[in-house]
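Student: Pasting a structure here, questions to come.
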Amino acid sequence: MNPSAIAKYRPFPPVQLPDRTWPDQVIDHAPIWCSVDLRDGNQALPQPMSIEEKLEFFDLLCRVGFKQIEIGFPSAADTEFNFCRRLIEEGRIPEDVTIQILVQTREHLIRRSFEAIAGAKRAIVHIYNSTSPLQRRVTFGNASREQIRDIAVAGAKLVKELVPTIPQTEVVLQYSPESFSDTELDFSAECCNAVIDVWQPTPDKKMIINLPDTVQWATPNIHADMIEWMGRHLNHRDSLWISLHTHNDRGTGTAATELGLMAGAERVEGTLFGNGERTGNLDIVNIALNMNSHGIETGLDFSDLPSIRAVYERVTRMSVQDRQPYAGELVFTAFSGSHQDAIKKGLDRRERETKEDPSVPWGVPYLTIDPQDIGRSYEAIIRINSQSGKGGVAYVLDREHGLDLPKTMHPQVGKTIYDLADQRGRELTPDEIRDAFFELFANVEEPLAVQDYELVHSTTQKGRVDCHATILMAGEEKQVSGQGNGPINAFVHALENAGLKDVKVTDYRSHALRGGSGSDAAAYVQVQHDDGRILWGCGIDPSIEMAGLKALVTAWNLLR
Ligand SMILES: CC(=O)SCCNC(=O)CCNC(=O)[C@H](O)C(C)(C)COP(=O)(O)OP(=O)(O)OC[C@H]1O[C@@H](n2cnc3c(N)ncnc32)[C@H](O)[C@@H]1OP(=O)(O)O
Ligand SMILES: CC(C)C(=O)C(=O)O
Ligand SMILES: [Mg+2]
């Protein structure tokens, strides 16, 4: 910010609540969730959703598991009104789902809202009026506190009066002192208590007091203090659900909601991926998955987050950014070497541990949850650029291409691949990594190549093998033969007999290649040159024996 501009801003006054209890509370259960995607989210879109799009979104919200859904502001426009009517008249509202509608505390709008919800089995009628000193002064033209409170009371009385006009609908009242976040606490309580006195809720017929963080002006601890303070000063507390409705102006919508729950709130309003006015509303995906990650059941099902995101992006025309918690493209991806190393070790260890005990708790470095639990694949966890390490390269070759390189081969391959990314100045795709691996470390046939071979296993000496091979050395064909205690050993002796041996085999392993054609084997041979250099080569072939010979030849060639 321009330094000379800073002086025009003021600190936010803290709440005097020395005996606050919320810091010691622990969130151990989920609140009542209410989606406001179709109202607060929709009203903030450059192009609001059409009726068909809202219907699709409503169905999605029901599938996710929301039992309360604010479907719009039916008195605002025909689209909103007609959407509400279609839900009701076409019987699209599941039995256990309650629709909620928003309306200003203005008579003609409240009357129109009742026309909209007539015939619904249950509906939450959400009335609001702004209460902060700023809004009293600016929006309501220097209205007094009494005038503002009276607007709320008049609205509540009108709702109460209209309830008998739609006898088939059970109406629940919700009141929001809008701009609660910068309203004097005693005045918020005064307005809420005045509405509560009109409505007369009981423990069996509760009403909702929604305390919106309409604009975030303060840190989340102050929000929590305000919620705890309200909980102590609202009448008929046992007949109320205290509801949170945070926005994200300071980037702390989730934090403020979590602390607000610790401060005693029972209900949370928010949207998928945080769509909403300005910086958005609370991201319910974020907070619900935060709870899941602590072992708390939420009643919301985000097990297929990518397809939820796809519907959201299509109908709202908004996009989920790459770093968005849980949903963003890159949030489970590691590019950097040390993270990749730890993640690969963590996943490998977990694979081993869960074979013995499937209930072993999640514990993989850098991954707060298992991406697969929300429908994300492991594919994108590790991606390779110049910041990557050998563990990451090995991970991609293993998970994407079924090549389980021996650990001591990782440095040789890893460095070459991330140096290649550095030279190209960009990320390498898994296919580019495979191609580079095949070109540089597998089936290398220059200057030496095996063309054909025959192995004769001794019938008298167990493990003894005669190897007769046709090799090409710098384009010249040669027949070589040797004997050993295994095909590789026999082939090494064949090379020795042809005057080509200056290496000894120091390690070997092989496995069936996962994926791909399904019938190939991969072999890895480590050799030590007479001058002390040690290198690995890889061979791929349908025959495991030939794969081994090719691996040896590759290592031999790499030493030239
Ligand atoms: C924080 C929130 O998200 S609140 C929800 C906001 N959502 C929306 O506004 C979306 C839907 N709204 C609309 O389509 C329109 O605002 C309508 C149809 C509801 C009303 O339209 P209009 O009456 O033409 O305009 P507008 O909303 O500007 O009305 C402003 C008037 O209502 C008054 N007003 C605003 N909110 C309220 C309220 N909650 N209760 C009583 N009066 C209110 C204002 O003081 C102003 O009065 P004035 O004309 O005497 O100055
Ligand atoms: C209508 C109210 C609850 C609102 O959206 C807000 O204050 O942000
Ligand atoms: Mg809002």
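Using N, Cα and C of the backbone, Cβ positions are placed for all residues, glycine too.
Where the annotation comes from TrEMBL, it is an automatic prediction and has not been curated.
The following feature annotations were taken from TrEMBL:
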BINDING   Asp40, His245, His247, Asn281  Mg(2+) binding site
DOMAIN    31-306  domain 'Pyruvate carboxyltransferase'
REGION    444-560  region 'Regulatory domain'
Student: Taking the centroid of the Cβ atoms of Asp40, His245, His247, Asn281 as the Mg(2+) site, which other residues of that chain lie with their Cβ within 8 Å of it, listed in sequence order?
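Tutor: Filtered neighbour residues, in order: Val36, Pro212, Asp213, Thr214, Thr246, Gly253, Glu269, Gly270, Thr271, Gly276, Glu277, Gly280, Leu282.
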Student: Within 10 Å of each Cβ, count the other Cβ atoms and name the one among the binding-site residues His245, His247 with the highest count.
Tutor: His245
Student: Name, in the order they occur in the sequence, the residues of the same chain whose CB lies under 8 A from the CB of Asn281 (Mg(2+) binding site) and which sit 6 or more residues away.
Tutor: Val36, Asp40, Gly41, His245, Thr246, His247, Asn248, Gly253, Glu269, Gly270, Thr271, Gly274, Asn275
Student: Where ligand 2 binds, which of the binding-site residues Asp40, His245, Asn281 are close by, with Cβ under 6 Å?
Tutor: Asp40, His245
Student: Kindly assign Asn281 (Mg(2+) binding site) to one of the three DSSP-derived states: helix, strand or coil.
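Tutor: It is in a strand.
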Student: What's the number of neighbouring CB atoms sitting within 10 A of the CB on Asp40 (Mg(2+) binding site)?
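Tutor: So the number of other Cβ atoms within 10 Å of Asp40 (Mg(2+) binding site) is 25.
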Student: Please list, for the region 'Regulatory domain' (444-560), how many residues fall into helix, strand and coil according to DSSP.
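Tutor: Taking the region 'Regulatory domain' (444-560) as a whole: 26 helix, 55 strand, 36 coil.
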